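Worksheet for the structure shown next.
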Amino acid sequence: MTITEAVAVMEEAIETVVGHATEAQTERDRQIAEDNGAEMVTGTTAPAKSTPTQAQTEAEKKAERLRKLQAMKEKHAQKEAKEAAVTAGSTRMLLAEMDQKASGTPGPNSPVAGAMSPAPTSPAPPMPYAGKFDPKAIAKSSKAARPQSPTRLGDVKLAAPAPKPLGLKKEANLKGAGLLPANRAKSSTKRKIDMDDEEVIKRKLVKLPDFVPENADSTPDAEGEGEEEADDLDLLMAQNEEEMAEAHRVLQERRDERIQKEGMAMDVDTETPNGETKDEAENEANVESKDEAVLPAPSMDVDEDVDPLDAFMADLEQTGSAGGIGSVPARQKQKAGKGFEPEAYFSDDDYGYEEDKADPSSILAMASKKKKKDIPTIDYSKIELNQIRKNFWVEPQELSQMTEDDIADLRLELDGIKVSGKNVPKPVQKWSQCGLTRPILDVVEGLGYEKPTSIQMQALPVIMSGRDVIGVAKTGSGKTMAFVLPMLRHIKDQDPVTGDDGAIALIMTPTRELCTQIYSDLLPFAKALKLRAIAAYGGNAIKDQIAELKRGAEIIVATPGRMIDLLAANSGRVTNLKRATYLVLDEADRMFDMGFEPQVMKIFNNVRPDRQTILFSATMPRIIDALTKKVLREPVEIQVGGRSVVAPEITQIVEILDEGKKFVRLLELLGELYADDDDVRALIFVERQEKADDLLREVLRRGYGCMSIHGGKDQEDRNSTISDFKKGVCPIMIATSVAARGLDVKQLKLVVNYDAPNHLEDYVHRAGRTGRAGNTGTAVTFITEEQENCAPGIAKALEQSGQPVPEQLNEMRKAWKEKVKTGKAKDASGFGGKGLERLDKEREAARVRERKTHKAEGEEDDFKEEETAEDAAKKDKAKSAILAAASAIVSRESAKADASEAKPLPAAAEGAVKGGVTVNAGKGGALDKAASAISEINARLARAGQLRPGQPIDNKGPDAGAFHATLEINDFPQKARWAVTNRTNVAKILEATSTSITTKGNYYPPGKEPPSGSDPKLYILIEGDTELAVGKALSELTRLLREGTIAAADAESRAPASGRYTIA
């Protein structure tokens, strides 16, 4: 059959498909109608006309779709006929190419497989097919033609398809018309098969023509995609083998073109055996012909008589024999003797990561470093810092005209201001002279501040000039505004905070309450100047504060502990102090009194060196002068009213009472206070937290509304308590010294020191909660005769404030000084803070003890404690005591022998007594002394044959062991005695040694000897059949006794609990 005849047969088959489909549909409709009629006869409940009507409708739809398909095909055939004259040469070229492929001998000028070829076109309209369409007959004729194919197995070539189709419409038209299924245009991921042992070449599998069984039913389905697939299958079956391969070539070309247009990720860059990409091979194929290394695609030119798998395997063998080293792609190299080595994408090696070796020392060092919360150290010498402006002070003309005498008189009038330093600016007298901006002055006027206070008059010009300042002023004198107003001017002069920049101003306070109060005072100014401020203190979730810092802030008000947490969080990436140029310590002296010096110094060392530092407090003892020299540079010291002085507006009353009369006197004071005015507040200070809760219950029982606040309460409770106290919800508040700093309540008229403060600074701050901002108040202090240590501070405060000192209080002060002189008592200033390192050590020691207690049997310790001199002394003491208590192992035969014949303590027991180290007893030093002590004990026991004078050794019964030893435990601590008599420990020793352990004697208190004729002191008798068993048991008992003794000594040396709470 020639190519022209094949084209004619294909067109006739298309015409026949349409007619056959119409007849088949009509036959199905008739069958459905007959079935529905049978159902009506048998009495079914379905309507009689519904099904035939529906079948007719479906038949009409099917017929309409087939008519549209036929019209499209006719239009396409007419267009091809018009192009036949133009493409006649191309058609002849295509026919010649197909004839050459069928004969197996390529012509001299034939194009290489893979080059672009025009699509087949029919030169004339098809002739009608006179016969009946029979798919089975067509399949049989196709099968009969297969043996005549000249293509051999070895001649099958695989090559990439041609890139472009010519003269045909896009595949979307065929799919929309129902010729192609919707999912056929989608390409699945190509699987790559490795069946070669030496070389691997990446190949792409192409879908082969659909296999149609000979007895397949060609009746199209009536639903969805089944109809389209049936029509397409009928179309393919109506062709011969060569035309079928050509049709698949066209479909593959259209599919590739659509994929390229849609940008789908397909493997179109597959390498050829020569190392070139497919596109490069195709471009070269258009210029010159290639050798047979370039193989045609199996889905285009492979005859159906060759099995696809056989063709693929044969092609692999041919390529493997012809390929060289260069044919193996770089990403699919194969190791000798091994399978295919996959390539890792997005590997850690691509980024240069290197895994550190698991060094235990480095892991422990890293763990301890994370636990320590170290702040990243910043070396400012290697950082180029921007220059900042700190001096904003311009002296007004009014002040410049004042003489030195005028300035001295002015300072004397302003509560006796004292300044020290070089070139101290003159004090101002009104807000307009301070050099503040207009928005700041508007807020000041809105808050009702008419004129500056004494400390503000002198501190504002000094701070505005950029100098470091130490400010000491009485409580309630406006110290907060003295450092806040210059801070705002300092911040506005610098660039805005952006990105990861830290804050410009940092204010640190010792208590959370003072932190919140300063923050609330800042808010009106920050809002007016569009600045952001953050209050960072403990008790609240740190994640919220970190989130605020991430958004950026110019001002941070914080406590030292929480500030260190923020600086150390995430290895210092949360915030930093690189831009912090204004640093304030409010109530600075109390920070160091509370033990914050290490934390404060860490923060100071992390701030840039050209900062401006301001220290403010109501008390500034000389003891912290050394600190100020470390952190300040040429400071100006300002004192208003002297150091540690109670304001003159406060009336101070000191009463010496017994402990039982304090509460009655407190009720009298409260009754007198609220008899005159109901809208007043009273603040009661106590020493301990449990005392605050106990006093709260007693006051509530008397009908007074009150609340308590102390460090043991949650921060939210503390905040709400202070808020309610200020609003008057609860007019009485009971607190520890945690509320003695920064608490500012205008209606506070009475302060009661229920428990007297133990040093001057605490007393000044407690009394300073009242009489603030020019108001009057009363401070009453209860002191007992036993509290002589509190008398010196209270008496000094009365003297400095110009108030009389009670005679009895003066006598108590003298008595205390006499005790200090004679050495019976020790005076303490209150500044004994050493940071939190001591607490960390105590927690670590407790953790080690807990791990030892809960350690599983046989588990080895994974930590090593550092033995101090104190620990060594405890072990030596326990060792000597055990040496004196343990006896030698004596047999029944030698019980009455001479002391020189007694057997010494075996090496195992002696090693246990000496701390687990066994040595020869002949060496000098302390070991000789221990050996001589053991010999003396053995000699005494063996010579007399008695445990104690007058007491026989009681292992003479019929069941007594051949060897025995004793261990006296009467004079050891209770923990040690319990360790060697505990049933669990004894049972383990009995099981391990097969000995008998008996506790005998009576317990006598330390220092008491047993009377004559009574039982001896408490001891343990160890009996066994062999000397080795008795020695092993004695060794274990002495080890337990030594550990118990050391544990008891540790418990005694530890400081007792704070006593704030007790467990009932």
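Every residue, even glycine, has its Cβ placed from backbone N, Cα and C.
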The annotated motif 'DEAD box' range in Swiss-Prot, which must be one of 190-193, 558-561, 586-589: 586-589
Matching range for Swiss-Prot feature annotation, region 'Disordered', among 211-231, 799-819: 211-231
Shell list (ATP; ref centroid = CB of Ala473, Lys474, Thr475, Gly476, Ser477, Gly478, Lys479, Thr480; cutoff 8 A): Thr453, Ile455, Ala618, Arg772
DSSP-derived class (H/G/I helix, E/B strand, else coil) of Ala473 (ATP binding site): strand
Tally of residues which DSSP labels helix, strand or coil - the motif 'DEAD box' (586-589): 2 helix, 1 strand, 1 coil
Secondary-structure category, per DSSP, in which Gly478 (ATP binding site) falls: coil
The one of Lys474, Lys479 whose CB sees the fewest other CB atoms within 10 Å, among these binding-site residues: Lys479
Residue, out of the binding-site residues Thr475, Ser477, whose Cβ gathers the largest set of other Cβ atoms within 10 Å: Thr475
DSSP-assigned states of the motif 'Q motif' (429-457) in counts, ordered helix, strand, coil: 16 helix, 0 strand, 13 coil
Rounded mean pLDDT for the residues that make up the motif 'Q motif' (429-457): 89
Binding-site residues compared (Ala473, Gly476, Gly478, Thr480) - highest count of Cβ atoms within 10 Å: Ala473
